[in-house]
Amino acid sequence: HKLSVAPEIDIMEYCRKEWRGNTPVAKRMRKGYEAVAQKFASIRRVRGDNYCALRATLFQALSQATQLPSWLQSEDFTMLPENLLSKYDWIKQWQLKQKLGRKMGEISDEIKEYLILLRKKWKNISEIKRPIEKQEACDKLFKNEEEEYSLYEALKFLMLNTAIELYNDEKNGRRVPVFSWLLFARDTSSNPRQLMHNHLNHIGHSGGLEQVEMFLLAYALQYTIQVYRLYKYSTDEFITLYPNDPEEDWPVVTLITEDDRHYNIPVRMCQETML
């Protein structure tokens, strides 16, 4: 099996290989990588299909997990597909990964399996104390295509659930984060049903995550996603946080992107930044 997340290499070595020329873009990228190298020693390349934002985020979350997030512990977590399908018939059109000829009744069972798998893997990996063993367990998981892609389906479903909650909160006059307005201000996703049809169903197949969906992913996982956006080097968007006003108790994962489409992951914090 090929690993979805390549072994680590030195950040500056990677940068020199990728950005040799003297164009303004290459110079900016090199400066960006130099800034990241102040904090992180190495980079791991993430397989570049349309799941890469989910892959990079989940890999980082699992590789530093020390406990099961509270939302994964809740009793009704695995009942989510059943509960949502009983209220929203349109979820039957959820696009499950490449299995044709599936009967309608199976969709909630299948998503439930994915959610159970997510909880199990997160629990197992978070219980591993030694960093090297934890890393090995993550590498092993991200070599197993069947399991890996099932986990992305679970994440997408959690994003749908979060979107439904935000949409209903706003309808009921509760305060919602600004990105939620932006999410539902798009012509293609003015409600959760459209979001599912036009966006979530396509993630991993014909498209990746758009910026506003990075916020949705962060809210679904209750993680702050910090991204070094290298092409924005020397602007105030160079380091972008999703959400930009994170909850204090949310753990932080860090990603790197050159173009907001493909994400890699920085690893090995330099000693002085850890202290």
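Using N, Cα and C of the backbone, Cβ positions are placed for all residues, glycine too.
What TrEMBL annotates here:
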{"type": "ACT_SITE", "residues": "Asp49", "note": "active site"}
{"type": "ACT_SITE", "residues": "Cys52", "note": "active site, nucleophile"}
{"type": "ACT_SITE", "residues": "His262", "note": "active site"}
{"type": "SITE", "residues": "Glu237", "note": "site 'Linear diubiquitin binding'"}
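Cβ neighbours within 10 Å of His262 (active site), excluding its own Cβ and spanning all shown chains: 18. Listed in sequence order, the recorded positions from Asp49, Cys52, Glu237 having a Cα within 10 Å of the Cα of His262 (active site) are Asp49, Cys52. Counting in whole angstrom, Glu237 (site 'Linear diubiquitin binding') lies 21 from Cys52 (active site, nucleophile) by their C-alpha atoms. Neighbour counts of Cβ atoms within 10 Å were compared across the recorded positions Asp49, Cys52, Glu237; the minimum falls on Glu237.
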